[in-house]
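Student: One structure coming up, written as structure tokens, with questions to follow.
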Amino acid sequence: MDFDAVLLLSFGGPEGPEQVRPFLENVTRGRGVPPERLDHVAEHYLHFGGVSPINGINRALIEQLRAAQDLPVYFGNRNWEPYVEDTVKVMRDNGIRRAAVFTTSAWSGYSSCTQYVEDIARARTAAGTGAPELVKLRPYFDHPLFVEMFAGAIADAAAKVPAGARLVFTAHSVPVAADERLGPRLYSRQVAYAARLVAAAAGYAEHDLVWQSRSGPPQVRWLEPDVADHLRALAESGTRAVIVCPIGFVADHIEVVWDLDEELRAQAESAGMLMARASTPNAQPRFARLAADLIDELRCGRTPARVTGPDPVPGCLASVNGAPCRPPHCAAQATG
């Protein structure tokens, strides 16, 4: 399969105080989130001057990706400028015929896969006649470079705390009902599998997997245990040092720099615990090489590069022009 461009498709984030509330309204539109909840979350962004780190990280990653392969790279977001609809129109006007779409999410699931597929379909519709074919690349939670980057980050974090620190992986929680529609529990199983692969690569025989940043009504069940509850339990059991690895995030979203670096670290300090947070891939050259390798899998018809371990978990395959991924996990999520 030939490509003449790459589209980096991401979540988006505000880049100034005046953009915070409109951005959050975009993210939560149609979900019935009360205004006071938006006000609360807005304070997290305003703590950093109203600037999410994600757009700057993605621009740096794009420069790395341009150096790692020979195709032009475009940038589009779901929830803030540059909006993917506008970017695809530019691609159309530039004569792009088929582009590989690399998303900043490693997983299957609605918000991590299906919603990006919907973004692609919506953007092509907005572009109309002459819109390029858009091929979303597969999830990459088991790619060798994904495992290598997080294993290396854990080693770096371990150097900052005493030997024997407890290794705790964390990822974004989702409603249990949403997770169970996929396979079942495809998202949570993928995260657990990737955590096992990374822990083994980093030389850890034991680790914990917890969830973070849940939202929504308290009566709705979300994936547990929550990271704050787990840290409290560790402290009560006598644990004095932890390494927190945000394996669910490939970049420093606000859920990383606020929920972990600010809130969780303060909780650890108040409990007398040392905490080291493993870095995310962000704009590492290896992350760009991972994206380039996914592109080459389709360009050259290569067998996907995967790290294998006990009880492997399936993932979606490439999706073309917003069609449901195969196997039909994302289709089940979209229609469930």
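Even glycines carry a Cβ here, placed using N, Cα and C.
Swiss-Prot feature annotations, pasted as is:
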type: BINDING; residues: S52, Y116; note: Fe-coproporphyrin III binding site
type: BINDING; residues: H172, E255; note: Fe(2+) binding site
Student: Roughly how many angstrom lie between the C-alpha atoms of Y116 (Fe-coproporphyrin III binding site) and E255 (Fe(2+) binding site)?
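Tutor: On Cα coordinates alone, these residues lie 19 Å apart.
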Student: Out of Y116, E255, which of the binding-site residues has the smallest number of neighbouring Cβ atoms within 10 Å?
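Tutor: If we count Cβ atoms within 10 Å for the binding-site residues Y116, E255, the smallest count is at E255.
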Student: Measuring Cα to Cα, how many Å separate H172 (Fe(2+) binding site) from S52 (Fe-coproporphyrin III binding site)?
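Tutor: That comes out at 17 Å between the alpha carbons.
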Student: I'd like the number of other C-beta atoms within 10 A of the C-beta of H172 (Fe(2+) binding site), please.
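Tutor: I count 24 other Cβ atoms within 10 Å of it.
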Student: Given S52 (Fe-coproporphyrin III binding site) and E255 (Fe(2+) binding site), what distance in Å do their CA atoms have, once rounded to a whole number?
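Tutor: It is 10 Å, counting Cα to Cα.
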Student: Tell me, how many other CB atoms lie within 10 A of the CB of S52 (Fe-coproporphyrin III binding site), whichever protein chain they belong to?
Tutor: 25
